[in-house]
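Remarks on the structure that follows.
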Amino acid sequence: MRMLLIHSDYIEYEVKDKAIKNPEPISEEEKKGRMDEVLVAFISVEKVDEKNPDEVVEKAINEIIEVAKQVKAENLFVYPFAHLSSELAKPSVAQEVLRRIYEGLKERGYNVGKAPFGYYKAFRISCKGHPLAELSRTIVPEEAKVEEVPEALKKEETELVSYWYILTPEGELVEVDKFDFTGHENLRKFANYEIAKSRIADKEPPHVRLMLEHELVDYEPGSDPGNLRYYPKGRLIKSLLEQYVSEKVIEYGAMEVETPIMYDFEHPALEKYLNRFPARQYIVLSGDKRYFLRFAACFGQFMISKDATISYRNLPLRMYELTRYSFRREKRGELSGLRRLRAFTMPDMHTLAKDIEQAKDEFKKQFKLSMEVLGGVGLTPDDYEVAIRFTEDFWNEHKDFIIELVKLIGKPVLIEMWKQRFFYFILKFEFNFVDNLDKAAALSTVQIDVENAERFGITYYDENGEEKYPLILHCSPSGAIERVMYAILEKQAKLMQEGKKPMFPLWLSPIQVRVIPVSKEYLDYALYVAGKIEGARIRVDVDDEDERLSKKIRRAEKEWIPYIVVVGEKEKETGTITVRRREDGKQYETRIEELIKEIKQKTEGFPYKPRPLPLLLSQRPKFRG
């Protein structure tokens, strides 16, 4: 349920027409209404509320009364308002929930009015404008069914005691509340976010508007929340990122595999691992057997490793899969655009190491690999904050190693230390992006796992022919691909707030060059130019719309096109092109071959995919609005 609470001088409404087939029956008197000195509750009842309407009604009544007490309102008004959500409950459910809220407020002794359900209504409202006059609330019911919650998650949510510090590149370990965050504002935000451990998304982050405006990604009302649809431009960006990260990991030395997306709850090793991994699962029934959808590639890669014959000469042994998809049944209130999903694409590498020294060596290399991967998508260490998590014993034994990592990143990092080991790992780092709402999301991460080799029966033969259990490193050098897209868009949103021009990295731009003829007369030359550019494996399109040149240029600017090429009589006669480069705003005249050379130099070493849409703008559908 979504509520907008407005403390008002008055609210008045007038019914105009039916909005649904079977609206609430009303009398002539109820077609108009007014209430003065009133707290108005605009309410959208959502589909998720159908799971537990009793709880939603009770929570809504309590929220409204709490605000009424704060603003000293005795008059309350319940206004059905479908426009606060895109995932509405059935009209029959919504009407009943609203009726019960209305009756419940009356029973608590308030003077309560309401607008009828299921009609188009005109309304006027006069907001009082004080600090508490406009408030929003989101109510999420507990699951009606008992959900599978692993023991590790229960411990994380109830028992885990963390000790927080800041570690500097000079090796100084400072309690977080004693650290001077001057010059490290983002680190302060990240530390506050981590220590609070609140993941609820109470506002829409800026990247959501951008992903919709650019027709990249959208919500899918026909699926479970947290499962998204990708339009052609968004699919191109996601596909290029998938290819880029996979190539980097394979180049690093990993062997690519493919494994199932669902696993048996009753498999002894898997059952134990589930209770050591802090994540909620999707449950799938096949006949009378219960399966869970994977939340990482661990299971499949561990099962392969268990069945393999491995020598010490094979170590470190690296195995990789890009999971499309992994699934985590995140709480509804925590879902947020591309930042936190229930279905996501995870590059997942596991490395078997013979001992702690080899594991540390791999950990450091994968730390560097992660920095390199994020650098390729336009994220520098200035764009993310580092968290390193370990037990007190590990710190005491390997302090110098941890400080080496901090020196690599070149700035202070957040430390989470535990007196005892709660999870299967003894050391973990993440690179975390802090967005425009001061929420953080983990991107790259590596862990050293000391439990699962024995749990799954993964062994190698040492120099003496004896079977030993390896250590296992879990590594995602980028984090979920969707989160990389989120970080890129949030970074551009921040640049826009600073008055700077946003743009995708050139190799990721869905259209890298747009050719604009000054008039229809020069369309043939524009197509010739586009053909030459496309032949060099550069994504190019042509704006053939019959509109003013200035409007075409504005459209290209709005789409963040890196290179705008304008052609007219002069360019046609001289065989040249006039280029407007978004990166620095420079406008210059050049030859087609020179532009091709410039773009190829800037995109060297990155993957390429063809243009995702028709060449001519006039031939393209609109996917939104």
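Each residue, glycine too, has its Cβ placed from N, Cα and C.
Among the features that Swiss-Prot reports, region 'Editing domain' is placed at 1-147, with the record citing sequence analysis. Here Swiss-Prot flags 206-505 as region 'Catalytic', drawing on sequence analysis. Annotated Zn(2+) binding site per Swiss-Prot: CYS298, HIS350, HIS474, in sequence order.
Structure coloured by features recorded in Swiss-Prot.
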residue : record              : Cβ within 10 Å
CYS298  : Zn(2+) binding site : 25
HIS350  : Zn(2+) binding site : 26
HIS474  : Zn(2+) binding site : 22
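Under DSSP, residues within the region 'Editing domain' (1-147) fall into helix, strand and coil as 47 helix, 56 strand, 44 coil. Within 8 Å of the Cβ centroid of the Zn(2+) site, not counting the listed residues CYS298, HIS350, HIS474, the chain contributes ALA296, ALA297, GLN301, PHE302, ASP348, MET349, GLN447, ASP449, ASN452, ILE472, LEU473, CYS475. For the region 'Catalytic' (206-505), the model gives a mean pLDDT of 94. DSSP assigns HIS350 (Zn(2+) binding site) to a strand.
In the three-state DSSP assignment, the secondary structure recorded for HIS474 (Zn(2+) binding site) is strand.
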